[in-house]
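Visitor: TrEMBL feature annotations, pasted as is:
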- A:His71: heme binding site (BINDING)
- A:Tyr83: ubiquinone binding site (BINDING)
- A:21-40: transmembrane segment (TRANSMEM)
- A:55-76: transmembrane segment (TRANSMEM)
- A:96-113: transmembrane segment (TRANSMEM)
Amino acid sequence: MLIELLTKRYPGMRAWLTQRLSALVMAVYSIFAVARFLIVQPSNYGAWVDFFQPLWWRIATLLFWISLCIHAWLGIRDVFKDYVPNPSVRDVLDKLLVVSLWVYLVWATWLLLA
Amino acid sequence: MQNNQQKNSQKTKLRPGQMSRPKNLNLFTIRLPINALVSILHRATGCVLFLILPVILLLLQLSLNSAEHYETVIAILHSPFIKVMLLGLAWAFFHHFFAGIRHLAMDVHWMTTLMKARYTSKVVLVLGALATLVLAVKIWI
């Protein structure tokens, strides 16, 4: 029923909810990342590599980055909707936004899992 | 009726679909309440954080690449100008974080009356400034 409400009756609700859920994921990760950084205190190259060595941390970081890309897509798209009245200009900007976020996502995935 | 509208839009040279409505583009005549300030800063900091994403990825990649590149990144981050930039970005992150938490709280109908919203706006601004101050002390001392 919730799914039907979100997708059929109020399509905008899906974007709204996605924006909030991705925000929650990022908030939780950010708190963990700061805490872990303060506990581990990596102070040289070896320690810094070790900081990103555990698979669970790399997966958590990737989840954060996926959320970030979704969040940024919805957020910047709204900014374009508000401040770029010309539909064709906005269309180009939207496409640039999507392309750049895909590049960042592939880049981050390669960085964390390769 | 429609004919009338067409005539009207021809007279004022409006694009189709555009309504005639009063505009006030002089921003200095608009008083910005504190909740509006927090809200627009949330949007502005979001844009700044988006624009800085490739730089963050590049620095992360370099720092993990090799010991030499790591030292280069550390040296870059230690220059005074970059430190100031870093603090500005950190403030953008902190503000976006705290203002975002505030928006989430309001989504679940917490702190939604005008007085409470004004109060939490102040809390968000203070927390953002405090977090930045703590970081400033940490990277300069």
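Cβ atoms here come from the backbone N, Cα and C positions, even for glycine.
Keep in mind it's a predicted model, so treat the numbers as computed, not measured.
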Visitor: Should anything in the same chain at least six residues away from the transmembrane segment (A:55-76) have a Cβ under 8 Å from its Cβ atoms, list it; otherwise answer none.
Guide: 15, 18-19, 21-23, 25-26, 29-30, 32-33, 36, 97-98, 101-102, 104-105, 108-109, 112-113
Visitor: I need the most crowded of these binding-site residues: A:His71, A:Tyr83. Count other C-beta atoms within 10 angstroms of each C-beta and give me the top one.
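Guide: Most Cβ neighbours within 10 Å: A:His71.
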Visitor: To the nearest whole angstrom, state the Cα distance for the pair A:His71 (heme binding site) and A:Tyr83 (ubiquinone binding site).
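Guide: About 18 Å separates the two Cα atoms.
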Visitor: Residues sitting near the transmembrane segment (A:96-113): Cβ under 8 Å, six or more positions beyond its termini, same chain?
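Guide: Distal contacts: 52, 58, 61-62, 65-66, 69, 72-73, 76-77, 80.
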